[in-house]
Amino acid sequence: MTLMVLLSAYKPKGYERIPASGMTLRSKSELVNALLVVATLIATVTFAAGITVPGGFNSSGMAILANNLAHPIFVCFMVFDILAMLSSVVAIVALIWAQMGDAELVYKAFQLALPSLSLALTTMSIAFLYGVLVTTSCNFLLLFFINIIQIPFYFLLIFDLTPYVGPDIKRSFG
């Protein structure tokens, strides 16, 4: 009996969402506006990173590392930067769509915008990592430490933050 009580007290807590029954249309609008600012900032940063690529430009205006396609880190940087840009644009369009005010429209917009924004944040941080790696690729000790530092961050991102953006949006905003 004592063991059962101790085990039930030690039971791990699941991901419980805060009920949003008290959310008014104004508070949903404020949430949409805050997410719209975040998505716009991500789009701005990724656009600037795509235009001013790591490694700089040569005298003819071409990116120095773009000619060297044997540099896979640069290719990974560009792919993740473009993914972040496009997914943030999808989130921006969905959040502008959510400003129409209809509750069902807000729900559908959140279904599209939150996973897109999560993808944009993740791919933007990965693009930043590859941008740092491509500029420091000649120092192997620094590359090792950069890779060791980034591993806990991605575990935190995947296992702690991703469940909040899952398919259970209706219960959270509903």
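Yeah, the Cβs are placed from backbone N, Cα and C, and that goes for glycine too.
Look at TrEMBL and you will find 30-134 tagged as domain 'PGG'. Sequence annotations record features per position, and here TrEMBL assigns transmembrane segment to 31-52, 72-97, 109-134, 140-161.
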Could you count the residues of the domain 'PGG' (30-134) that DSSP puts in helix, in strand and in coil?
81 helix, 2 strand, 22 coil
Contact set, same chain, for the transmembrane segment (140-161): CB under 8 Å, 6 or more residues outside the stretch:
118, 122, 125, 129, 132-133
